[in-house]
Amino acid sequence: MAKGVEGAEGYQARDYEDPPPTPFFDADELTKWSLYRAVIAEFVATLLFLYVTVLTVIGYKIQSDTTAGGVDCGGVGILGIAWAFGGMIFILVYCTAGISGGHINPAVTFGLFLARKVSLIRAVLYMVAQCLGAICGVGFVKAFQSAYYVRYGGGANSLADGYSTGTGLAAEIIGTFVLVYTVFSATDPKRNARDSHVPVLAPLPIGFAVFMVHLATIPITGTGINPARSFGAAVIFNESKPWDDHWIFWVGPFIGAAIAAFYHQFVLRASGSKSLGSFRSAANV
């Protein structure tokens, strides 16, 4: 485990370097294959994510439907659904982190954009790829499970009966905050430098955060915390109930991601005060 390095004046010097902020708009990215490779990785990862998770949701509803020969405690249950979502994020972040950063979620991309970790061009292309991948993933589910897809709600997110819009919005904000805060913490260069195991294990806490949030919010909203997941399911299912509540699954995650980015960058890491301090030091030279 790396520690601070003793400086000439006897203080602990930093043993890590924060990467410089990504340019807000970098047109040169459009000429690089690495950008398009990353966009393809985000598309495929989100497709696989929606295919496996929505199929798990529908499979559970089939096995627990007592009117169709199922049993009350049949299938994987809510716990199994939460594991499906968290486990797939763990797998896909592990597979794509070295290519695209393993976002697989427009809210994560938005948070990293606000923190100047990705450029505007990359953020927009990632979000488009994620939404298209989600549509295709749910489309495959409908194609392979056409007999059950519409009957069991298509895995679409909507506000559960008995909950107010404010409760649903708060659930999405807090749930996404937990996820994006975990992403920032797991990929923090300071921790990567001092804890050599962190880069290897980074997908694990991210996937576990998704798992825990699903346990808490499946009964409220079905758990969005990922606008692409909610959008893809709503597009393919295309019924009024998911569309009526759909704004919650964009507004909530984006607000949660913005709060997480601000909290990590300006409170925990105090990036704003560090920059201001550097500016004052340079002005006094």
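Each residue, glycine too, has its Cβ placed from N, Cα and C.
The following features are taken from TrEMBL:
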REGION    1-22  region 'Disordered'
TRANSMEM  39-60  transmembrane segment
TRANSMEM  80-102  transmembrane segment
TRANSMEM  123-143  transmembrane segment
TRANSMEM  163-186  transmembrane segment
TRANSMEM  198-220  transmembrane segment
TRANSMEM  247-268  transmembrane segment
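For the transmembrane segment (39-60), the neighbouring stretch richest in Cβ pairs under 8 Å, chosen from 80-102, 123-143, 247-268, is 123-143. Taking every listed stretch (80-102, 123-143, 247-268) in turn, the largest tally of C-beta pairs under 8 A with the transmembrane segment (163-186) is reached by 247-268.
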